[in-house]
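Listed in Swiss-Prot for this protein:
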type: BINDING; residues: CYS27, CYS207, HIS232, GLU236; note: Zn(2+) binding site
type: MOTIF; residues: 29-39; note: motif ''HIGH' region'
type: MOTIF; residues: 264-268; note: motif ''KMSKS' region'
type: BINDING; residues: LYS267; note: ATP binding site
Amino acid sequence: MKVYNTLTNKKEEFVTLVPGEVKMYVCGPTVYNFFHIGNARTFVVFDTIRRYLEYRGYKVKFIQNFTDIDDKMIKRANEEGSTVKELGDRFIKEYYKDADDLNIERATKNPRATEFMEEIIKFVSDLIEKGYAYEIDGDVYFSTKKFNSYGKLSGQNLEELQLGSRINVDERKKDPMDFAIWKNQKPGEPAWESPWGMGRPGWHIECSCMAYNLLGETIDIHAGGSDLSFPHHENEIAQSEARTGKQFAKYWLHSAFVNVNNQKMSKSLNNFFTAREILEKYDADVLRMFMLSGHYRTQINFSMELLDSTKAALDRLYNSINNLENLLDEVKNEELRDEELEYKNELQKYKEKYIEKMDDDFNTADAISVIFDLIRDVNTNVTIESSKELVKYTLDLIRELGNPLGILQESTKASLEEEIEKLIEERQKARKEKNWALADKIRDDLKERGIVLEDTPQGVRWKQI
């Protein structure tokens, strides 16, 4: 298996610190709002990578944090008239709801930064003691010049960074690029007791501390969105390696941005979507497959038209699964015949090809193509004349390959019936309101999917054709 390591800017053989085990840390959300589709891509990508590693036999300890104390949290809490803790509690709950709806598996642990204050203070104290940090008027800064390899992740030179820095320079700092690891309390802000007075941690130190305490001095994979590479991950490396003298993370993985209608997503451009808004209109499988239809290191463009195309493609997959489920009930032959055994063995090539693609830096786009190829083959060769054993095997194989991607796991019968009944209700409502255009559109859309409606005195019935 090869993974692209941002630290070295090349694909490397994936060799874990302990054979068969993976220690993985992913930077999670700042819990002051619902997460948007850009965040959703990051969460889906690393959920998929975690699932695939488990599929390949690794035992994965997966940590994804909640940032529940920072400037954004404080600003939002003050605007709402709530406490930072109340805000964090609320949006952590909302995160779990949306993540569950998106079929994102629960992490081994989701630590909150505020649960680690004692450990953070110890971390900061150690850095001061080792000469990597200094205190001024209750603020503590990390000295970037003391860490000789600062810039190694982002490939940036410290002197060039200093020259081009647009940061509002605090004249008290020894160097413009030094960053805060502990902040002195300001009026109206939550604070904790420390050797430097009342204050709170800087953002970067929180992740370093949680990773250290939950996974140890060196971890296998540290991951997050590409926007975190600098300065967040660069600063994490500096703090962690300055403290321990050991490599912080062996492999650094970064997922690329989501653009909306070929523009960067932003509230000012009015092209900002939360995952929840999209999940109200589309199933999780659609959003997941869309997010995984491009390589995770490549930017993807989001639009409703592209989601509709993804849904249409996914419907074709589910129609094939539905046909196989129906065949399972209808076929007469129970046991595999000799010629079927040969065909069953031939189907293994799709599993091998899928693994080959996913082993190459988690190429989900090509892996999805393999699933489509498999289903095209099965549609042609698995029929009413096939044995029950072969039909079941093909169904199991499709679901096996869909599982690491978090798609194709539902029984189509239950989900299809639920969706159709919902559309029939919408059509009935449109007819009552004499909205004939909408009623006809719903009927025609269903017909395109192979569903025919029959209006009877007993109500609307439907059947597949």
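Keep in mind that glycine also has a Cβ here, set from the backbone N, Cα and C atoms.
Of all Cβ atoms in the protein chains displayed, 23 besides its own lie within 10 Å of the Cβ of CYS27 (Zn(2+) binding site).
A helical conformation is recorded for HIS232 (Zn(2+) binding site) in the three-state DSSP classification. Between the listed binding-site residues, namely CYS207, HIS232, GLU236, the fewest other CB atoms within 10 angstroms of a CB are found at HIS232. Note on the motif ''KMSKS' region' (264-268): mean pLDDT across this stretch is 71.
The Zn(2+) site, placed at the center of the C-beta atoms of CYS27, CYS207, HIS232, GLU236, has further neighbours from the same chain whose C-beta lies within 8 angstroms: TRP203, HIS204, GLU206, SER208, HIS222, GLY224, LEU228, HIS233, ASN235. Helix, strand and coil counts under DSSP for the motif ''HIGH' region' (29-39) come to 3 helix, 2 strand, 6 coil.
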